[in-house]
Amino acid sequence: MAKPALKAAKEALVVKNYELAIEQSKKALSFDANNYNANVFLGVAYFSTKQLSESKEAYLDAIKIDEKAVLAWQGLWNLYESTHDISELHKITPILASKFLELEEQNKCLNTVNKYMEVVKKYGNKADEFKALKLLTPEEGEIYEYLEGRVLPLQTVYMQMVDIQESMDRCYFESEVNKRKTRLGARLEQVMRDVELEIYKDSPLETLYNQIINYAETDEIRRLTESKLLHMYNKLLILSEIKEKSHWRERIWDLIQGMVTLHIPEQAAWTIYFEWQDHSDISFFQSAELQEYIELFPGSPLAQALFAFRNSDLWHKEHPIQLEDSNNSAELAKETKEEDDSENSVDKKENEEDIISSTMMPQDEVLANLTEAYENAPQSTIISECLAKYYIHLKEYEYAIGLSKAALEVLKRLQQDTGVKLDKLTRIFQLCLAIGYSHYEVPRYLFQAMHYYDILLAADPRNYHALLGKGLVQIENEQYSDAVKTLGLLLDDHENDPSLSELSWCYFKTGNLPKAISTVEKCLDVLLSMDVERFKIAEAYYRYGIYILNRKSENYLEDSFSAFVSSLRKDPNYAPAYTSLGLYYRDIHDMVRATKCFQKAFELDASQVEAAEALAKTFAEANEWELVEVISRRVLNTSENDLKRKKKFNWHHTSLGVLELNAKNFHKAIVHFQSALRISPKDTNAWSGLGEAYARSGRYVSALKAFNRASILDPDDWYVKYFIATLEKDMGEYEVAVSTLSEILAVRSKELCVQVSLAETYVRLAKLYHARGFYSRAADSLEKSIQICCNVLKEDITSIFSWEILGDACLSFCQLKNYHNRFPNSLISDILFTTEAMKCANNGRQFENMIYLPDLETSSGAIFIAAVAITCFTIHLSLVADDKLLLPVSWYNLGSSYYRFYECDTTKDATLQVAINCIKQAIKLEAKNYVFWNMLGVLFSQTKAVRSAQHCYIQSLLLNERSSGVWANYGALCIQNHDVECANAAFTRSISIDPDNSQAWLGKAYCSIAVGSIRKAVQIIHHAFEISSGKMPDVNYWYADTMLHAVNTEDFVTTDGDIWSATYAIKRYLGENPTDTFAYYIKASLLEHLGETTDSVPSAIRLCELLEQEYDVSESPVILKRFIDAKALLGRLYLAKKSFENSVEQAGIALDLLEGEEDEDIKRTTLGLNLTCGTASFFLNKLEKSLDCFEKALLVSDSNADVVVLVSKVLWALGSENGKQAAREQLFEALEQSPSHIGSLLCLGAIAIYDEDDAVCSAIEDSIAHLKKDEVLRSGALKQVQIMEVLLTKKIDESMIKSLLQRFLHVYPFAASSWTLLTNRYASKSLANAFATTLYTHPSRPDDLAQSYRLQNSIDRAQVAIHLVPWDSANWKALHGVTHEALVSSDAS
């Protein structure tokens, strides 16, 4: 029943009636569910109608029924092909291909495979392609064998598989590294290693490479694949664990051995072949192998290094050429056989030398090739070995050390990466390190050298090079006994070794002279019988000469001389022998030959320090300092000698320090002296040189330390102490410097340089005293300086610096106007009026057109002193007329002295012109000195030559725009010419350069005054005074003047401290200007405000005397007016002093002088004088006269309220009822005109209390209560107002006193009197604390604050009160009281 359905289904498929075919197939399956063909037909029909899942199911059902049949497999394959299901194709294609193979359907098999390849290539990825290609390999079955010849060859298949795998590995590596490297704590190097290990661990590449090698059709492909396989093995070796490295190492070695054996030109293989073999010398490798490598890879770094090294002088020295091995071996052998006599032997030797020289490269080419090779391949141990050995050969020890260290690191990494351990090669680099350290910067690295020698000897106790090197290091370390033992071990194996010479030296150093001589004699026999370097024989002869010289036997000088000559015959370039010969000739006083020998020794070897020192001394004695410098620098630059401990010399550093010091290279000089002191810390000369270098470079503290150290090492060296004193002087420690110089003179009293320095120090000390206001001390110092200068000039009238210092001292004396009487006129005259001094002043120099000499004999006082200064500087100018360095300064000093003379006598304009000419002359000689231009500007300013002065200041600023003083002077010039804007800019620039320039600040104040900013000017002047510390006279004057103005006008709040500071300032000013009447007036007025009559009265008397003297000379009305003001001031001061009679007298004199004058100023003066006279008369009980004066004052003042109060007081004091009534009336009238006049209110209040007039008391109390706060504070009667209010309140209603005081304190919280009344009346601790806290937080007087602390009734507060006002006995009593109470309470408890 199924057959008809199958037949119908087949026919429907043929006509492509797929629906019918499906129907008939299903019908057939309904009769026979296991019918294979029905399932196949159903799968085909479903596939054709795109019902793929049903088709797949049908094919699978068919395969289950019969797996061996092909149709279902073929249909399923076509289904997967159409859906591009690569994964299923991978599974089914081998099966289908195998089915065709069994059926021997080769074409169908081939077509299936080809289609499979096309689909995979088109729709698959790299992994799919790899899997598809794998089907065509023998490992996958018989398909390749069946289709061989019709598919790709195996070589191609495997190569394509390799390309695909390598591509996949690269993509995986890049993606994984990028992904993992961003993880926290990841290191890129480790990430890359991990990913590479993952790739190579299960990689099929090894198998593929081997298959390519096996099936390769050409040698080129085989070699390329072998190279890849080697690279892979090397990677796996590096990445693998330690236990696995031997496996990969064996594989690599097998691979490269085959390559080398077959002479395959694979560079990596050959390189590993050489690099992995442990060896102690390049000669370990077969020459043919080395030559073959060079020929195979001529451009490689290793080939370059091997070729250069094998053709170097070092190689030929260690491996002498064999003639029979040369290219001309046959011919040379024949010549050798035929020529046996001595003459022919010489020709043979010359022929050998020619052959060697023809094959040898120059040293520079060898080094260049080796260096280039190493730079291109620094990981090559063989290149490092060649270059390190060659560095040692060239004595380039520093490079050898660095290279050997790097090579040892390479070997260490090689062992870590590959497990290859190269012990012999390691010892080669350790030996290079040891040798390098033995010779580089000796003895700095000798410890390291000994360390490596010990390592080498631990591995091989009989290592020749290690024993010899260790022995030499022990000799260098002066361990001669140990060196004897070490060299003895060496000589046990090498009896006739040249090291006998070193052994003899050890015997000599240990004192065994006979053994040393016998050993060196044996050494000479050995050396003369050997073909060794001439240097070795020369050294042995030299040492033999040294031993003979020290034995001092008969004819020892001649024998040692003969040995030294023999040394030079063997090696004419052996420098120590020349040094010894030089010493020999020097001892026999043949200095010409000695010098020649020393020169030759030093030319050959700069480490011959003894020869160098002898040469340096010789040239220094001949003043050939350039040659001394050359020798010293060469010694310094010789590394073999510079750091040797056994030769502790520092003369080269000292001499270079002196040379650099003279060349003004102070930093370099310091370095050299420090180096000298490191070598010899007790070298006094080096300490002195270091101190001088420090001093001349401005580092005075360091210089002082250095000189003090030198002084400790040599206390008797007065020159060091002189330098110390000079430093102390330069540092401003003048008193200490005076003490030091005096100590020197106590021992060496005739040293003129010390006396001159002491005189200069006294002058500087005087200037310091003058700046600090110690004028008497300044005069003392100047007297001593003048005395010393005169003493020096008596010894040497041409002492240049003495004349200069004497002139400077005289100029300083001119400023001490109160002490001119102490100037030693006679002492100066004894010097100046001598014939020798006159000759010095007029020694033939043509200065007549420039210099005007003042008349010393007719001068006196300041003029005489200035004239003496001019004469001193004139003589100084004459003495330095030929000195181009000192002459400009001398002209400047002379010009300054003439300017000082002009300041003392301004009537002599000629002196000012001479001063200008002198400064001009200084500028001609030194036009770039900004100080000279500044001084010329000052002088032109005095002559009103504004343009010239401006030009000079600008020129000075062009030379040095950072000079604050010049800017200040330029500002002063501008303000003198009313250019305020320019002056302000100049002063601002000056302050920006030097913020502590008080003169510039004073100039800023002038500018502020010029533009009307008085308050700002006062602030600036106060700041200028603070920064000047009272040292600037002009600032002192203006500070005191502004303070007096502030006190008189009450424009600014001032304290007693401010007034005391102003008083101090004006006193300092008067100390330098004792005849300034304006300053005396300011001083007396300030003291008047302070209530200090003790000092103010003498100042006012002196003021009157000076003004009287001026008036007698000039009879100027201005002076007369000032004299009257001075008398008025003196009268007030006498009144304050309670010297009433003197007060009346002085006021009377002034009033008499004012008769007939009517202007406003006269009226004010008359008013003050009448008040003074009236008040003084009042206290003298001359009430009538007092009343008369007050009435006159009342008339002059137009019934001024203050005057009315005074008149009322006098009327009341007269005692008559009429007088009292008149007083009341006067006060009422005054209050009508000025209702808030505090004085009138207080006076009338007192009268009302006396009269018990409650109505008036109430009215006065109300008026006082309504007074404005500013009016009370301005009047200065706060305390009186408060007391009056209390009295009036007590009179009216006593119970209101507390509220009154509280209200008063609310308005005036700082009123100490109110707090006192409140505290005394209502005592409490909280009130006392409030009192103290309030005063502490408000500006208050120390006395009031102390009182507040005192009332707190505690020990610590009482102590604070004492600290504030220690002179107040109340504070001490309070402390005593609280202390007593505390003791009593403690006893009671």
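Placed from the backbone N, Cα and C atoms, the Cβ positions cover glycine too.
With DSSP classes pooled into helix, strand and coil, the tally for the repeat 'TPR 1' (2-35) is 27 helix, 0 strand, 7 coil. As annotated by Swiss-Prot, repeat 'TPR 1' applies to 2-35.
Per Swiss-Prot, the feature repeat 'TPR 2' maps to 36-69. For the repeat 'TPR 2' (36-69), the list of distant contacts is 2, 5-6, 9-10, 12-13, 16, 18-19, 21-22, 24-26, 28-29, 75-76, 78-79, 82-83, 99: same-chain residues at least six beyond its ends, Cβ to Cβ under 8 Å.
The annotation region 'Disordered' is assigned in Swiss-Prot to 326-355.
On the 0 to 100 pLDDT scale, the model's mean across the repeat 'TPR 5' (429-463) is 92. Feature annotation from Swiss-Prot assigns repeat 'TPR 5' to 429-463.
For the repeat 'TPR 6' (465-497), DSSP puts the residue distribution at 26 helix, 0 strand, 7 coil. Annotated repeat 'TPR 6' per Swiss-Prot: 465-497, in sequence order.
For the repeat 'TPR 7' (498-530), residue counts in helix, strand and coil come to 26 helix, 0 strand, 7 coil, using DSSP. Positions annotated as repeat 'TPR 7' by Swiss-Prot: 498-530.
Sequence-distant contacts of the repeat 'TPR 8' (538-574) (same chain, at least 6 residues past either end, Cβ-Cβ under 8 Å): 501, 504-505, 508, 513, 516-517, 520-521, 523-524, 527, 580-581, 584, 604. Look at Swiss-Prot and you will find 538-574 tagged as repeat 'TPR 8'.
For the repeat 'TPR 9' (575-608), same-chain residues at least 6 beyond its ends with a Cβ under 8 Å from one of its own Cβ atoms are 538-539, 541-542, 545-546, 549, 557, 560-561, 564-565, 567-568, 614-615, 618, 631, 634-635, 637-638, 640-641. Under the heading repeat 'TPR 9', Swiss-Prot lists 575-608.
Positions annotated as repeat 'TPR 10' by Swiss-Prot: 650-683. Beyond the ends of the repeat 'TPR 10' (650-683), by six or more residues, the same chain brings 609, 612-613, 616, 620, 625, 628-629, 631-633, 635-636, 689-690, 692-694, 696-697, 713 to within a C-beta distance below 8 angstroms of the stretch.
Annotation source Swiss-Prot lists repeat 'TPR 12' at 719-751. Secondary structure of the repeat 'TPR 12' (719-751), assigned with DSSP and counted as helix (H, G, I), strand (E, B) and coil, comes to 26 helix, 0 strand, 7 coil.
Note on the repeat 'TPR 14' (931-963): residues 888, 892, 895-896, 899, 902, 912-913, 915-916, 919-920, 922-923, 969-970, 972-973, 976-977, 993 of its chain, located 6 or more positions outside it, place their CB under 8 angstroms from a CB of the stretch. Marked as repeat 'TPR 14' by Swiss-Prot: 931-963.
Residues 930, 934, 937-938, 941, 946, 949-950, 953-954, 956-957, 1003-1004, 1006-1007, 1010-1011, 1027 of the same chain lie 6+ residues outside the repeat 'TPR 15' (964-997) yet bring a C-beta within less than 8 angstroms of a C-beta in it. Swiss-Prot lists 964-997 with the feature repeat 'TPR 15'.
Per Swiss-Prot, the feature repeat 'TPR 16' maps to 999-1031.
With a cut-off of 8 Å between Cβ atoms, the residues of this chain six or more beyond the repeat 'TPR 7' (498-530) that come close are 468, 471-472, 475, 478, 480-481, 483-484, 487-488, 490-491, 536-537, 539-541, 543-544, 546-548, 550-551. Counting same-chain residues at least six beyond the ends of the repeat 'TPR 5' (429-463), those with a Cβ under 8 angstroms from any Cβ of the stretch are 384-385, 388-389, 391-392, 395, 397-398, 400-401, 403-405, 407-408, 411, 423, 469-470, 472-473, 476-477, 489, 493, 639-640, 642-645.
Note on the repeat 'TPR 2' (36-69): DSSP counts are 27 helix, 0 strand, 7 coil. With a threshold of 8 Å between CB atoms, the same-chain residues lying at least 6 positions outside the repeat 'TPR 1' (2-35) that come near it are 41-42, 44-46, 48-49, 65.
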